[in-house]
Amino acid sequence: MNDKKITSFIALPDLLSMLNASSGYLSILLSIDGSLNGACILMLLAVLFDSLDGWVARKTGRRDIHGFGKNMDSLSDVISFGVAPAILIYSAAADFRYVNILVGLLIVLCGILRLSRFNVLTGGGKNFTGLPIPVAAVTISSFYLTGFYSELPAAFMMIAVSVLMISSIVYPRVDGIRASTALILIIATILSVATAEILGAASVVAGPVAIILFIATLTYIAVPILPKEM
């Protein structure tokens with residue numbers, strides 16, 4: 001490609017990556033302002049955009065010869081699934097702020113390492129090496145939205161998630177019915193919490209939906225590391 005204009009590199013999936021990054025950036029701002037429910041909603045929205053960019057790339061037959069799309073996707077993921085969860089866990093802290101500074105740093109660094117390894121490994125395959133980074137955002141945001149958020153469990157959980165991201169444990173790609181179910185849960189959580197925020201009232205739906213999403217996420221994290229034979 002001799003044309004170096006930025007527009008010659010950008011395809012439709014990259015616009016979704018930019019929406020992913022935008023959601024992550026706005027999530028960070030809301031965390032700083034103390035609007036943590038909104039920050040969680042935007043992180044989950046970023047997960048939706050991230051899942052759609054790959055799907056759109058496949059449907060449109062995008063040939064990412066120069067790796068522009070892959071790099072766009074990874075850089076957006078660092079913002080939305082690395083930095084945004086780190087800022088959220090710090091902003092939600094009341095008693096252990098200094099601990100959460102270190103936990104947040106661990107999330108960011110392990111996220112960068114996870115994505116860098118992913119970018120240099122060839123071939124897609126049906127599995128991931130290490131926990132996919134979007135799981136970090138879903139874990140912390142769904143836990144917060146359950147209404148049972150607690151600092152120390154959140155810190156230990158995110159330390160474990162960070163270590164699993166850079167591990168060599170094999171995690172399956174979520175596709176087919178499992179992917180549809182996961183997306184429905186995420187959308188239901190976003191809509192229920194957003195409705196409650198807009199109306200300025202507590203939602204009897206948001207908490208239970210977030211709990212289901214949280215349990216489903218923990219199940220995905222735990223199954224590959226559980227003993228295969230009891």
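Here the Cβ of each residue, glycine as well, is placed from N, Cα and C on the backbone.
As given in TrEMBL:
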- 36-55: transmembrane segment (TRANSMEM)
- 98-116: transmembrane segment (TRANSMEM)
- 128-146: transmembrane segment (TRANSMEM)
- 152-171: transmembrane segment (TRANSMEM)
- 183-202: transmembrane segment (TRANSMEM)
- 208-226: transmembrane segment (TRANSMEM)
I need to check the long-range neighbours of the transmembrane segment (36-55): which residues 6 or more away from its ends have a CB within less than 8 Å of a CB in the stretch?
13-14, 16-17, 19-21, 23-24, 26-28, 30, 69, 73, 76-77, 80-81, 84-85, 87-88, 91-92, 134, 137-138, 140-142, 144-145, 179, 183, 186-187, 189-190, 193-194, 196-197
Can you tell me which parts of the same chain pack against the transmembrane segment (152-171), counting only residues 6+ beyond its ends and a CB-CB cutoff under 8 A?
85, 89, 92, 96, 99-100, 103, 106-107, 109-111, 113-114, 117, 127-133, 135-136, 139-140, 143-144, 220-221, 224-225
